[in-house]
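All remarks here apply to the structure that follows.
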Amino acid sequence: LTGVLDDCLCDIESIDDFNTFKIFPKIQKLQERDYFRYYKVNLKRPCPFWADDGHCSIKDCHVEPCPESKIPVGIKAGSSNKYSKAANNSKELEDCEQANKLGAVNSTLSNQSKEAFIDWARYDDSQDHFCELDDERSPDAQYVDLLLNPERYTGYKGPSAWRVWNSIYEENCFKPRSVYRPLNPLAPSRVLGLFVFFSWTGLCLEKRVFYKLISGLHASINLHLCANYLLEETWGKPRWGPNVKEFTRRFDPIETKGEGPRRLKNLYFLYLIELRALSKVAPYFERSVVDLYTGNGHEDAESKALLLDIFRDTQSFHMHFDEKSMFAGDKKGAKSLKEEFRLHFKNISRIMDCVGCDKCRLWGKLQTQGLGTALKILFSEKEIQSLPENSPSKGFQLTRQEIVALVNAFGR
């Protein structure tokens, strides 16, 4: 791929250079740190849109939850929305450590935590959320070590996977009039056919952006499946690696009737949007009240220093996407379109609970939440700029889950 991306003034070569030499090595290091490697997720939420197909029985679909004893005490103590040592009072830490010694799970909450949960429930229902968030207090929500459960091809495919993406594109996406997509594997006809026409006619900038983000997310997931594919299994030991044939099938211009390169360009566009969000949210993390607290003071300080270093790099990039060009029409129309945009995306985050493979569901939910968090940041610039230095703000706030999802989604 070469050249300038549509709807922005950025070229692919500049993104490649910037990412390869500045961002990627640092974001990789950040993802390995305790604060960012443990993600709490509920993989048992029922699909809200159709009868469950039943979970994938392939062993590589399985996600291994993290034993309670492995989770850093600062992460599991208290509310997930507290960042600093001061916010996690010592009584909660003592209770948590005592519970570990007894081999039991401490399910008690201080009054302070209960009030915080009520506060956050109110906030989560506000207009700013682009994602359906998991209830972290649910007994089905578990911590997962992302480094031990990498995103890769598990064998999950066919009608179940097709139905998820079809529901996203056909029912929840502002789609160009027609885009080449494989025909429905659920249909009885065995005649092969492809949609090959592509037209942006009548689609405004905001709707084009929405479609490109979803297409970019899809391309990212497919790329990781091709790059980390189950190549063979000998003596019960799997071997994972790049599958060029699979990559060609999904992205080659001839195999995809010209659609593959466009999918990859949409991945670059998604990168630009999440890069822009990171540059915009820097003031939130620069405050002393935000500590990325795990209970290990030395590691926490290093994690924050590395994150702030990445923010400085993102701010040095000269070809950011300008989100101010979106929703800039008449106030009433812009507000209505923004709400439509938010609800469509929220629905897509709910569809991720219909993915039949746990590992695919984990990474689908995490990357969707990461993109939803990026959108929330981009539409909250005024609130971020007016944050108080020494106290948590009610105007704009990120949960630990959103922070972890944002960093890991961008890392993907």
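Cβ coordinates are placed from backbone N, Cα and C, and glycine is handled just like the others.
Within the set Cys354, Cys357, the cysteine that TrEMBL bonds to Cys360 via a disulfide is Cys357. Each of the disulfide-bonded residues Cys61, Cys360 was scored by the number of other CB atoms within 10 A of its CB, and the lowest score belongs to Cys61.
For the pair formed by Cys61 (disulfide bond) and Cys357 (active site, nucleophile), distance between Cα atoms is given as 5 Å, rounded to the nearest Å. Arg250 (FAD binding site) has a Cβ environment of 19 other Cβ atoms inside 10 Å.
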